[in-house]
Each structure stands twice: as C-alpha cells, then as structure tokens.
Amino acid sequence: MSYLGVGVSPGNVSGSTTKMKLIDRKVRVTELILRCLVCVLALVAAILIATDVQVREIFMIQKKAKFTDMKALVLLVVVNGIAAGYSLVQAVRCVVGLMKGRVLFSKPLAWAIFFGDQAVAYLCVAGVAAAAQSAAFAKLGEPELQWMKICNMYGKFCNQVGEGIASALFACIGMVLISCISAFGVFRLYGGSKSRPSSRW
C-alpha cells in the first residue's frame, strides 16, 4: 500500500508517483506565494508604524507622538521585521527548490522549517494581539483609570498605526497558513515511512 492508501501494482506505481509530484509542486508554489505575501505585508507594517510621527502643540509646548512611546508597537515592529526577514529567506529557498526540481526535503530540514514557521507564527500572533489591545486603549480610553482618548489628539498617528496593525494582521494570517503547510509536510513524511522505507523528504 502507498502512503495514500492506494494499492501498489505495476500499473499504478508510475501514475501515483506523478500525481504526488504534481501535488507537491502545487503545495510548494502556494507556499512560495504565501511567503512572498507575508514578507511584503510584514515589511509594510513595520515601515508604517516605525515612520509614524505626529507633533501637536499643547499650551505652547510641542508634544511628539511616535511608536517608541508604546512598547506594544515597538514589539510589533520588531516582530514584523523578523517575519519579513525570515519569509524572504524561506521564499528564496522555495525558489531554489522549484528551479532545481526538488520539492522534497530531508526530515531534519523539514522539522527545522516547521519549528521556524511555528515560532514566527506565534510571535506574529502575540505582536498583533498586544498592539491591538494598546490601540484599543488609545482609541477608547479607560475612564475608570482616567486614561484619556489619545486618538482624539493624535488622529493621524492613530490612523497610520491602524493601517500598520491591519497589514500585520494579514501577515499573521498568512504565517499561520504557512505553519499549517509545513506541519502537513512534516507529518506526511511519516505517513509513508512504513510502506516506503527508502523514500526521503
């Protein structure tokens, strides 16, 4: 039996192999597209937030709002920088693999990619969650703690931060999808190990 549960015989071995290669290639192309999207979206998010500055004059005193004033935004910029760099490296790996016609990897490499994708996905989720909570306080305030609505004073700053968080959210969703693909790839390695001990990813 093959690892798809199909009976192996001289008549269907070549057909099933060709079909699996086709599926693998489609998965890798999808992975490449997602990694490129994550790289672009994460980079856009980091740039939008890192370059966001607004100066207001209050009682003859200039007050400047910048992303470093909120630690959650600093975290989001760092996380998106990591996600963009990591996605770029992995996208290059995907391109090289597709150009060489190799879509299968060794188990250690597959596990390394899996753990890397999981780590970056969790970082993205944590960064977006922290930034969204801080943005909510800035937008709505907290009367019980006497926290004022910062966005009433720094509208442009808040709007640009919102755009950055939205871009980071889409990058986060893309990273979660990529981590699912890498998880599928890793666990599929062991699906055929019993019936095809000589095959390697």
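Numbering starts at 1 and runs along the chain as it is shown here.
In case you wondered, yes, glycine gets a Cβ from its N, Cα and C as well.
According to Swiss-Prot, the protein carries these features:
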| type | residues | note |
| --- | --- | --- |
| TOPO_DOM | 1-28 | topological domain 'Cytoplasmic' |
| TRANSMEM | 29-49 | transmembrane segment |
| TOPO_DOM | 50-71 | topological domain 'Extracellular' |
| TRANSMEM | 72-92 | transmembrane segment |
| TOPO_DOM | 93-108 | topological domain 'Cytoplasmic' |
| TRANSMEM | 109-129 | transmembrane segment |
| TOPO_DOM | 130-166 | topological domain 'Extracellular' |
| TRANSMEM | 167-187 | transmembrane segment |
| TOPO_DOM | 188-201 | topological domain 'Cytoplasmic' |
Helix, strand, coil: count each for the residues of the topological domain 'Extracellular' (50-71), based on DSSP.
5 helix, 12 strand, 5 coil
Top stretch among 29-49, 109-129, 167-187 for CB pairs under 8 A with the transmembrane segment (72-92)?
29-49
Chain residues in Cβ proximity to the transmembrane segment (29-49) (below 8 Å; excluding those fewer than six residues from its ends, i.e. six or more beyond):
67, 73, 76-77, 80-81, 83-84, 87-88, 90-91, 94-95, 98, 124, 160-161, 163-165, 167-168, 170-171, 174-175, 177-178, 181-182
Express the predicted model's confidence over the topological domain 'Extracellular' (50-71) as a mean pLDDT, rounded to an integer.
80
In terms of Cβ proximity under 8 Å, which residues at least six beyond the ends of the topological domain 'Extracellular' (130-166) contact it?
44-46, 48-49, 52-54, 56, 58, 65, 67, 70, 72-73, 75-76
